[in-house]
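> What follows is a structure written as structure tokens; I'll ask about it next.
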């Protein structure tokens, strides 16, 4: 529009032009009536579809219904719906928390299952086996055939079948891989199972009488690469066709009768987990589009195995489902989320394949309708799911004739079906899915809220601890209130054990203690079966915590002692649960496991242990073999190696299976690791048993044999080389023939044998083996590197190897291949490399090694610098700096200064290294001290607290060297700088500054110290209030040092002020702080006199806190020792008159420590304190008598031989009546006093007191007197001879020993 229209024609033309342009506009640019408006996308976001997030159709078949329902589906109108929310930029700024974030997760006690790796999770697939037969029961009678216990023969047969089955599976898998499996018969996929029992070695195509079904061209087109469905060719546990309810795989919808599929391995093997059928593996590829509404359901299944979903149409066969089956992840069939079982459906990880009567939780959890009693043991999610399921089942219930009559008017009748009509039995799904309906109403009714479930009690009644949701499946019977008198004896026993176990697992310590004592005392009464059937499933629980496991293991330990031989039928059960503890990462769990298996072996005996564990030795599962080997080693240590040797010999020479040989040799290895030098008497026998394994045809057996030899040699070090003569040759051949893991094991064995040899042999073997080691230096395998380093260290540590040989042959390739950045990253490699390098330095000298690595102190990788520094520190710590020349010394100081300044991590490697190097160089450091101090002062000003702390720590490491170099002026300057930094706010840094001041005070002395002590100490007094342990410890050490050496520089008033501050430090948790504090009281008392300090301390006896009072009594005793007892005793004895329990006990405690510390000086004070002790020993309060007995003990031991027997005899008359006390603390103190008196007044007097009660008619009296007599006898056996009472000769016997009457 160049110009404005003025005339009528121009205006008309302009209007026409605009209208033309408008008409030409693309229709799509307009806004439709039902479409959305244009919004600012950056404000409102832009979800295009108004139906986004909704499912727009329900698929007719499961195949169409994908799992990714939540992706943006195409809407009905193909348009998007705008979202209204905060601006995107703002949302991006808000940190989005991860889904289901649990704020309490880090404070929750960790579960054992959470930290297990894949290998250790095997333990949960183990089955707690049924009881075994005890051949030794009833004196070895023939067992009753009615007993269901499995014999050794049954177990071995089962093991054999499992092994055979696994081998056939492997062969089939290999054939399938190689494409050698051929179609034997076109109908192999749909062949019905044979009626008679099939033999293990008979394949499916040999079954007679199977009528083949012709495949239609449709089916053949759908199943390319058709393979026969052999019995072994199937993944166990899941029958084909059970994915869709009742569907027959590969069948068309018009097929009139469902065809059967072979019933897989209906019984999975011991280690097999039930899972889905492998897709396409058995020729059962389902048709492309199946309509599940038209399919004919199967009312009976050959193999149960479809987890019931709560929201599906009910089926008649719901009750027959496999209990607790867990679907295999990544299964062959994509399931619709509408048919999915809720995630929380019950199914514990505790194996559910348990045969026999071993309880495994509540089976009814997984059934469609639990009985009312089981409802209580569900978790809230399961309860909710069950409610929904029940409601849907109730609605879909078929109507009865009576209900139909009530609904329809009269005149209707039921039509008979036409002749020959075969119904499609889809409505069969709508038959009741609830075998035990819980009495629901029929027809229409007002839906009142169901309150019954809300009142379900999820906590046991009575005095029982809180029940966690995880425990409900084990303790559900306690939730049901029953009259126990109506129960059978077995049920009563079961409830009793349940209650005790719940108290032990979840109760308070007193409750736990009582329950543990009760279950131990009644163990034989309860019986082994009921006890283990409840304890062992608890130990297999996937939600068990460390503390709970510890307590349950303690229960087993206690009851094993009581049950003794009754435990035999349950040995395998216990081992299945306890063996995994032997490979636990927690050391204490491993020790507990060993303890249990050791006690079990002693209770059950060797024969039972061997017959029980023998089948597991050649188990196909490596996990079982590994844990069995470790358990056997524990049995050997418990019952002695000789008793197990014949068995081990047989196992290691087994011809049938290499697994048995492998496990037998592993047992020998584990025995060596477990028992150490205790194997020496049996070393030759053990070596002979396993030597043939070094030339076995199986690679794994050869490897474990070499590792076992290495373990035996390590345990025998430095003895026993002659026992290994027979294995040297095969080992020697082995290291030339093997590569990889085998070679690593053989090298390890040689490495442990060389240190046992004489020097000349060691030298020869080292030179020979070194060629192979140097070749393996460049191996990329981490395990090989560790072993090579270890062997180099062992070879170079032996006497026969010369330094020259190491310098020329080993060091160049060693540094080339090992001193690399990668080695510093792995902790185990790092440690091994440092140790090996230090060992090489011990042979060739410090300078040779340090000169090769000193430049690496300036490397850019910090972890590598740390490795270099640690090596230098250890070498110089061992060898000093004598052979380090001036040039190397400069490089070293320069390097460590650089490394120290560049460090960023918070460990002490650099600090320790710096300190060690500087101290090793000694006076040679003087030229570098200004540079070092400059660096330290600069870093004390750094804004980073960590840097300041390291600088202060470095001063305390180098103070001694500064003194050696006579740099007192420099130290004085440092002291002033540190004094100025006492206002530091970070406690870690303040602690280091105090430590540095303490180091300077120690070396420079009190009189030369700057700042002067009179200025320094008042500055320290307020710091004593700091509650940080590091600050407290360093501060009290510094104050104590000043009080000891420079007390005269500070006024008495300041020391008293410090005394009051010190009382607070007696509350410290750390023992070192309390010890330093009580010692400081002694120094202060020495400086300013005992009276003021003593007054402060005596007042502190009145406090409530026990730890505080005990420390105060120790301080009083130290003051007495420092300032002579006569300055303290009058005030102390006067304080005893205060009629307060704590004060009197404190005084007695002080006297106890006082007499312990002053020893023989006590002879001057014994008569003074006797009246006080008389009173205390007659007091009603037990603690008074206990403490007074302790005083008598220390006093009598101190004054032995100083002629104070009269007073001590007087005190003995007061101590003696307390011998009948039952309190363990009191009786311990009384026995201690009697021991002390035995030394001081002689065993004769004690024997005279003792003889009165040795033959007393009352047993309790005799017990006490014999206990006292035994202790006198142990202490003074020879001295008693002269004091036994005279018994005169009679007609038959001569009792008098005349030679004892001779007097010269």
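Cβ coordinates are placed from backbone N, Cα and C, and glycine is handled just like the others.
Features from Swiss-Prot:
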- 129: phosphoserine (MOD_RES)
- 214: SUMO2 cross-link (CROSSLNK)
- 223: phosphothreonine (MOD_RES)
- 229: phosphoserine (MOD_RES)
- 261: phosphothreonine (MOD_RES)
- 267: phosphothreonine (MOD_RES)
- 296: phosphothreonine (MOD_RES)
- 299: phosphothreonine (MOD_RES)
- 313: phosphothreonine (MOD_RES)
- 332: phosphoserine (MOD_RES)
- 344: phosphoserine (MOD_RES)
- 349: phosphoserine (MOD_RES)
- 413: SUMO2 cross-link (CROSSLNK)
- 430: SUMO2 cross-link (CROSSLNK)
- 469: site 'Interaction with RNA' (SITE)
- 562: N6-acetyllysine (MOD_RES)
- 587: site 'Interaction with RNA' (SITE)
- 643-677: repeat 'HEAT 4' (REPEAT)
- 1035: site 'Interaction with RNA' (SITE)
- 1049: site 'Interaction with RNA' (SITE)
- 1052-1090: repeat 'HEAT 9' (REPEAT)
- 1141: site 'Interaction with RNA' (SITE)
- 1163-1201: repeat 'HEAT 11' (REPEAT)
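Are these features on the surface or tucked inside, and what touches them?
Remark: residue 413 (SUMO2 cross-link) has no non-local neighbours by Cβ distance under 8 Å and separation of at least 6 in sequence.
The number of other Cβ atoms within 10 Å of the Cβ belonging to residue 469 (site 'Interaction with RNA'), over all protein chains shown, comes to 14.
Note: residue 562 (N6-acetyllysine) has non-local neighbours 520, 521, 523, 524, i.e. same-chain residues 6+ apart with C-beta under 8 A of its own C-beta.
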> How big is the gap, in Å, between the Cα of residue 469 (site 'Interaction with RNA') and that of residue 129 (phosphoserine), rounded to a whole number?
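If we compare the Cα positions of residue 469 (site 'Interaction with RNA') and residue 129 (phosphoserine), the gap is 27 Å.
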> Please identify, from the recorded positions 129, 587, 1049, 1141, the residue with the sparsest Cβ neighbourhood, meaning fewest other Cβ atoms within 10 angstroms.
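Candidates: the recorded positions 129, 587, 1049, 1141. Fewest Cβ atoms within 10 Å: 587.
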> Can you count the other CB atoms that lie within 10 A of the CB of residue 1035 (site 'Interaction with RNA')?
27
> Please tell me which one of the recorded positions listed here (129, 1035, 1049) sits closest to residue 587 (site 'Interaction with RNA'), measuring Cα to Cα?
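When the Cα distances are compared, 129 comes out closest.
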> Looking only at C-alpha atoms, tell me how far residue 1141 (site 'Interaction with RNA') is from residue 1035 (site 'Interaction with RNA'), rounded to the nearest Å.
34
> For residue 1035 (site 'Interaction with RNA') and residue 129 (phosphoserine), what Cα-Cα distance in Å is obtained after rounding to a whole number?
63
> Could you count the residues of the repeat 'HEAT 4' (643-677) that DSSP puts in helix, in strand and in coil?
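Helix (H, G, I), strand (E, B), coil: 30 helix, 0 strand, 5 coil.
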> Using C-alpha atoms only, work out the spacing between residue 1049 (site 'Interaction with RNA') and residue 129 (phosphoserine) and round it to an integer in Å.
80
> DSSP three-state call for residue 129 (phosphoserine): helix, strand or coil?
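Assignment for residue 129 (phosphoserine) reads coil.
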